[in-house]
Structures are given as C-alpha cells and as structure tokens.
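Okay, so here's the structure we're looking at.
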Amino acid sequence: MSDSAPSPSPRLAVVLLAGGQGTRAGLGLPKQLAVLGGKPVLRWSLDAFAAHPAVNGGVLVANGDVATAVNPLPAGWISVDPGTERQQSVGNALAALADWDDQALVLVHDAARPGVTNEVIDRLLGALRTAEAAIPTLPVPDTLVEQAHDEAGDVVDRRVLARVQTPQAFRLDVLRRAHAEAVEAAATDDAQLVRRLGIVVTAVPGDARLHKLTYAEDIAILGGLLGIGTMRTAVGMGYDVHRLVIDKPLWIGGIEIAYSHGLEGHSDADVALHALTDAILGALGDGDIGDHFPPSDPQWRGAASHRFLSFAADRVAARGGQIDHVDLTIIAEAPKIGPHRAAIRARIAEILAIPLERVSVKATTTERLGFTGRREGISAQAVATLQLPEN
Ligand SMILES: Nc1ccn([C@@H]2O[C@H](COP(=O)(O)OP(=O)(O)OP(=O)(O)O)[C@@H](O)[C@H]2O)c(=O)n1
Ligand SMILES: C[C@](O)(CO)[C@H](O)COP(=O)(O)O
C-alpha cells in the first residue's frame, strides 16, 4: 500500500461570458437579461456554477448594466468588461485570472446557455483527469445538405458531425497558450483555438438543456427544456385622450391622416398607439407610458409613437411572452376613421411584428355628445391579451 497522500484536486475557475449584444435575438435588451422563469437568463448558469462544489470562483464578463442584474456576485467571483468579440472577452477574463496557477482548471461558458447541469460539469471534469481539453457535444438530428441560396444540394454525412455546446473545460495553462497564440486568428469557440496547438479535445455527451438563446423563439424552447411552467393569459387595458388643435399633423394608429387639425401632445400625440402601449404595459404589470417616456424628458418631444409601442412589444418578448391579440377603439367625431382602418391595422401589425389577424381596429363617434362629439379631442381605448410564462 502506498503511503503517499492523494494529490489535491486542482482549483476550478469559471469564465461566464455575458458581454454580447444579443443582436439576432432582437429583444431590445441584451438577451442574457431576458427573464426566464422569474430570473435573468444570466442568473441561471451563474447560480448553477456557484452551487457546484468543485467551483472555487469565477469571472463574469459583462458590461456594468448586465453585471448589475446579478449583484452581488457569489463569493470568489469578479466581473470584467467584455471585448468586441467573444474571443476578446475570454482574453479579458484570462487576464483577470493572472494570479491563478497554471495547473488550475477553467470552464468557459456562454451565459446565453442557461441550462447548466451538475452532470455535464462532472462529465467535463472527469474527462480532464486525463485530457487537457473537453467539450460537450450533441449528435445532429436532421439530414444535412449543402445549400446555395434556395437550392438544396448534396447530403453531408452527419455521422461525422456534432453540435458543440458550452461549458468547455480546459487546463488553464492550455487555454492561456491557445489565446496567446491566437491574437490574429479568430475562432467561434475556445476548443478550436486549443486544437490549433495540436492538443486533442475530448468530446463528452452534451445536454439538450444547454440550448443557446440565439433567436427570440429560443426563449419558448428554453422554457420547455428547463421545465419552466406553462404560460398564463394576461389582459391589459389602455385609454388616452388628446386635444385637437389647428394646423398640426394628425397621427392616429401609426399613420398620418390629412385633416385640418392635429392632436396636441409632447410626442406626436398618436392617441391610438398610446392607448395600445398602455394596454400592453398594463398586461405586463409594467407601469404606464409616462413612467417609461416622461413628458418632462425633452428627448421625447415630437417623438414618433411607434417607438413607444415597439418598446412595449420588446418587453413582452424579453419576458418570454407573446402578444395574442390587441383590440383598439378610436373615438372621434371627425375625421372619419373608416377609410383609414385597414392601413392602421396593417401598421400596428407591422410595429408589433404579429399577424394581421391578431389586430383589431374599430372606430366610433359619440353621437356629437361630450368633448369628442364637439370635436375638441380624440380618445382611444385598447385591450391587449398576452401569453406570459408562469413564474
Ligand atoms: N463580445 C462578446 C460577444 C459575445 N459574448 C458572449 O458570448 C456568448 C455567445 O455569443 P452569441 O450567442 O453570439 O451572443 P451575442 O454576441 O450576444 O449574439 P449576437 O451575435 O446575436 O449579437 C454569449 O453569452 C455572449 O454574451 C461576449 O461575452 N462578448
Ligand atoms: C461557443 C459556441 O456557443 C459553441 O457552439 C458558439 O460558437 C458561440 O456562438 P456564435 O453564435 O457562434 O457566436
């Protein structure tokens, strides 16, 4: 029997990448801040790593506003600014790990992949007992073909292909060398840089839950994969009034209508889009249009109201929800809204990026009664029906 003590496990650091813009997701905010099951996407993997007994600390790569969403960081974690590309962001994290021993291990992970499990971390660490680098991969489930524009070409043999996920696991000295030698050579992940050193990268089974949030529809996919409850229906209502004044452009429902008068207001005073914006914010329980775009703020003077409505729609997407239906009633004695209804409906569907059938636009007079009947102003009422994930 040997009397030598077992060698201690190497220390383990995590590099959590949350420095991207999330352009392809188009959520109106960095996708790592989108809320999934009641917490930001970024928080999911941060919590999973912080709870794993082998993890000693980590570096969150994120801009200040993103890092703030997960304040305070777990013990042993710091945050650093991102670089312009993912690869530079990893480089910044490696610089922050300068005082870690070469023998340490590191897991590099996309914050856009919230579904980190202990099992996948353990598989990667198991592989690093003998390998210098290990990554999770999944088989390709579909037939793959070459394609040029809209012409499908020859089948590519998918048996020799795999989908690469993160976290990716490395001996720290290996990752340091790979990045040091890659200054001029871009790669979409760290394993490719390591392979350029001639080092073998071991593949371990990945996990469907590590699906990456890339496009807006991935939020719903992740909701299913992560077992985040069902959707609930939320209904909101909005109401707005603006005064008619002479010689102003008249904007209603995102279109300009030729008329002797226009609506008075701080923005373009589009009474219909304001009511709709409030209906959506109401369904979200997210305040009202004045909270987000205060009339006291000069930047909204004369602003086109489609910006307010897009903002509200983005907030629905960022919550992993969708707009089921909006119903708008415009109350005006004059001008007649009827001839413009179809154009208004199409414009609202365009702004909200939902099918036309999900938008209803109606109009009425008040039979010459009240302020609308006296043509002193125009009002609008709206109801928005959303599907939102249960938290
Ligand atoms: N300069 C960058 C670019 C990306 N990332 C991170 O790298 C991961 C994978 O990148 P990707 O999915 O491409 O995210 P984005 O760059 O945000 O997406 P897009 O390309 O659509 O803007 C994400 O967690 C992202 O936050 C980063 O830390 N620093
Ligand atoms: C690192 C990565 O997640 C591995 O699949 C991927 O390459 C990063 O995403 P991107 O869309 O290529 O930036």
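Quick reminder: no glycine exception, Cβ is built from N, Cα and C everywhere.
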Given that TrEMBL annotates ASP240, HIS242 as divalent metal cation-binding, name the residue from HIS211, HIS266, HIS274 that shares the site. HIS274
Can you tell me which of the recorded positions LYS31, ARG158, THR366, PHE371 is spatially closest to HIS266 (site 'Transition state stabilizer')? Compare CA atoms only. PHE371
State the Cα to Cα distance, in Å, between ARG24 (site 'Transition state stabilizer') and LYS31 (site 'Transition state stabilizer'), rounded to an integer. 9
Compared by Cα position, which of the recorded positions LYS31, ARG158, LYS212, HIS274 is the closest one to ASP240 (4-CDP-2-C-methyl-D-erythritol 2-phosphate binding site)? HIS274
From the binding-site residues HIS242, SER267, HIS274, ILE289, PHE371, pick the residue whose C-alpha lies nearest to the C-alpha of THR365 (site 'Transition state stabilizer'). PHE371
